[in-house]
Amino acid sequence: MSQLADKSNDNEKTSRKFYEAHAKNVEAAKKLVEKYVSSSEEEDELDEATILKALYKNYSDCKEDEHLLAKTASFLENVLHSGSATCLICIASVKRTDAIWSCKHCYCFFHLNCICRWANDSMAQHKAQNHNVQGYYNHLGEYVSPTKKKALHWCCPQCRREFQPNEKPTAYECFCGRETNPISQPWLLPHSCGEICGKLLQPNCSHKCNILCHPGPCPPCAQYAITSCKCGKSLPKSMRCLEKDWECEQKCNSFLPCGRHKCRQLCHKREQCPPCSQISTQTCECGRESMKRQCCEQKWQCQQMCSKLYSCGIHACKKICHSGDCGECPLSLPRSCPCGKTKKVGPCTEIIDTCGDTCQKILACGQHTCTQRCHKGSCNLCLVITKKKCRCGLHEKELPCSKEFTCETKCKQSRDCGTHSCNRKCCDRNCPPCNKLCGQPLSCGKHKCQSVCHKGPCYPCRQQSQVNCRCGKTRKSVPCGRERTVRVTCLEPCRIPSKCHHVNRHRCHKNECPPCSQICGLPNNFTGCSHICKAKCHSYVKVSNKGNPDIVNIWETAKRIEYKSLPHPRCEEKVLVACIGGHEIQERACWNSNPDSCQRLCNRKLPCGNHKCTLVCHFVSHPDDMKAQQGCMSCENGCNIPRPTGCTHNCPRPCHLPPCNPCSVAIKTKCHCGLMQIIYKCCDYYDNGGNENDIAERQEQLKSCGNRCLKNYPCGHRCAAKCHAGPCPEPSNCRKRLRIYCECKRLKQEISCDKHRSGLTKLICDQNCFEIIKKSELSRRMAEELLRKQEDERNRLEVEQFEKRFSKRKHKERKSLELKEKREVNWKLLLMYVGIFSAILLAVGLAFYEEH
């Protein structure tokens, strides 16, 4: 019962998620239709409500599978919403009109050009790798090509599923593959042919997908079937097609093949009970031995020979344990000579001799026959001389047919380790795996790798080492090889006296004291300055002294370690240094404070007043003066006065004093909106007069045609500014008037666009609206009553006229004059009729205004 409850809960969750996804897609489609603006969209919007309704019409009342449904809904949303899907190759959005390719396994979209390029590049890389695999040359100088080659394929960029070269996409197809180059229609799903999908549903239930051509996986089968359970004991009920093989909670209770025990498994198909797992005592087929075995293994044989006498009473049965009769004596049946050419029937005691003819049996080689006379026993080995090739196929030799030929040539092909060669004699190129030990030193530097020879780096050493601190109070177990790099933390201070002028500030450690890392702090006497040495302490430094190799004896090593006090390094204190031309002041190290050339241009004004000295920084007598001095160059150039920023036209005049004439070159370009062609002078556009805002405003006006901007604000109203560049200015200040109404359309109000954007889209009906609605309803009823009375009066008058016309004429009597009394006017009734009439006119006017 718990399993059925879990299944029902899963079905409810799946159904709820399907309806949520369905509603989400419909709401998204409605919002896109309501917010559609033709002038601001790159692509035409689709009728998504109609498309989704057509897709889901066959699945409106069924319960869907959770993960497949989520996939289908996400793929539909990516296709309907332009730019939602992204090509993983070019990282660009996939539009509705782009030619795409969809993977059949992960259903991911790619541009057709991108996936074709991806497949070609992948196969080119595989070809290059196969081409780089090298063979070898044997002892005869023949080239032996490598045997192992990787198959050519390409993979999907997302799911990495392998495809063959012939599966490379060449054409743009719809999702179901029926139509090539499908045309985009506004009422169809993009990249779809609009026909029924028709694919077999998975898992295969013989039904086909009824949704229109769609992306992603097909949803589960939506059909139902009335079926019983597997065992057939429960009543049939309506189940999903995928769940028609359901199980009840009853036990089978059928006798197992052993005939002793019953099946205790839950509902399953008939005659498919599992083997009996009970233990029972069973005898072998001959009945001599018995042992406890499972009931499902009733037939078994012992290893004893039958040894029963045949009917002849002379010979015994030589079969292993069997049941039933041993049969007739095989020697009493028709027998033949050893070669089988002559047959004879005789008693089992008679011995059949050889016939004396040639044996001619097929020998073990399978090609030649035995040339001996008919004989008993097996034939000899084949001695026919034939040409045989060795296993490696390099040599050929004449040998007896029964003898195998192996040469002495060793295989030079590398084994799977890639290091050792095969070296097996007469190898058939199926080299065995390398069985040698690796033996390479491990990273610890103490042990060697004990694994079989392999590719790549060896595994780390698995042994452990113990490391102690200097004082011996702290110990630590570390992997072998990390003794030098491991850090043993001891809380005791180091007790070794310091070798330099600083005080030890480190804790106890395992090896010698680390070098002092404090700043020297003594006056630097290397450059003769008075700066403090800020280098690392160098009073006691380890130095390797090679010594004099001529006087080294056999008892002393040529390399000795000494501790020395090194001199102060060069002073790196920063000081200000000016160059020889007076152009710049740099911060340099104290040891490199001599002034030199900065390698910049001199840039001193020449006597012409327009040009500057272009020589590299050189010595001058007055560095602070930027006028030409002795050593500067003389002016030989034309006019080099800089033009206004943006102007690319050279001044036509020779070298002269500023200012240059304004640039009168005409520039022709289009306005910001792109409708008109604007012509202006270069000097007007690149005039640097004023600040940056004035320059930008003047350039904006020159490029503007003066007409109203053709763009729309995000609210949908047209931009109120003149022709301009970039996005429309201040879209939030749109104050265009809009009318909003209440639900009954009686109240109306004009509001600005900013209030409408803030959420004020309709008015709330007041009490008068409700009263008018009631009055209009009352007036309608009264008008109907009045029309009914008028109709009755008209019918009555018609009846009277009919009677007057076709009935007998009556005697006319003289009319008597009767004075009618004056009736008083009923003002209440008159006001009621006037109100009814005005209400009808108001309702008609509101309906007409709503339509237009």
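Each residue, glycine too, has its Cβ placed from N, Cα and C.
Note that TrEMBL annotation is computational and uncurated.
Checking the ranges 157-184, 689-716, 773-800 against TrEMBL, the coiled coil annotation falls on 773-800. Long-range contacts of the domain 'NF-X1-type' (608-637) within the same chain, counting only residues at least 6 positions beyond its ends with a Cβ under 8 Å from a Cβ of the stretch, are 578-583, 597-602, 655-658.
Away from its own ends, the domain 'NF-X1-type' (258-278) comes close to residues 229-234, 247-252, 294-296, 298 of its chain (Cβ-Cβ under 8 Å, at least six residues beyond either end). Non-local neighbours of the domain 'NF-X1-type' (647-665) in the same chain are 608-611, 635, 637-641, 681-683, 686; each lies 6+ residues outside the stretch with a CB under 8 Å from one of its CB atoms.
Counting only same-chain residues 6+ beyond the ends of the domain 'NF-X1-type' (715-736), those with a CB under 8 A from a CB of the stretch are 37, 671-673, 700, 703-709, 752-754, 756-757.
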